[in-house]
Amino acid sequence: MTFDIFPAVDLRGGRCVQLVQGVPGSEVVSLDDPLVQAVRWADMGADHLHIIDLDGAIEGTRLNAPILRRIVGELEVFVQVGGGIRSRSDVAEVLDTGVDRVILGTMALRDPPVVKELAEEYGPDRIMVALDVRDGRVTSEGWQRTLEFDAIELGIVFESFGAGSILFTNIDTEGQQRGVDPEPTRELVEAVSIPVIAAGGVSSLDDIKLLSDAGAAGAVIGTAIYTGTLNLREALELAKTL
């Protein structure tokens, strides 16, 4: 089993940003050119990227497709993309840019059977479902709406519909650089057989080890590598040993 590191490139208004718990206006990082940042992570050895269109996720306005095409065209790395993908045409448009995998959040939660249809059309490996959890409950609409479901029951449902992987985000620790709580990840991993990528609060090499020990197939790292709290090269070297 390999453990993959996904540096995060979050897009907001044409810039590369990092928010605290996904709250608009809480930027702790705001950089002019997302492509420059993506190239930087690739130059450090990253062979995976996690790109989120925050304009799409928060406001439903997907304005960053040109930036996405530039990143995909420039780099030969595995790219997964989410944020504001709310229709079949959105899925087709994003996959048409050349990305490897789309992340379905609100769309999947509104209409779970669509996951099965998309997995059959594009293949399970290209369809990831996002389970973003706050206080034990799954959220939608860019983390702004809390649902009466927990991640485990939904994870089982989406696996049965053919999702190839799950992105599990712990919003309670997202963007705070205070470390991870591996137990919710472990519980989800034990309930499903498809890969689970963990996100939220990864800020040290120990956090990466904890998530690997919990059974995660990889981790998204954002704020910590932008602020220098965590060295991406060291994280990538550690991942090779897990």
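Using the three backbone atoms N, Cα and C, a Cβ is placed for every residue, glycine included.
Annotation comment: Swiss-Prot describes D10 as active site, proton acceptor. Annotated active site, proton donor per Swiss-Prot: D132, in sequence order, evidence recorded as sequence analysis.
The two recorded residues, D132 (active site, proton donor) and D10 (active site, proton acceptor), have Cα atoms 16 Å apart.
Summarising the environment of the residue listed as 'active site, proton donor', the number of other Cβ atoms within 10 Å of its Cβ, over all protein chains shown, is 26.
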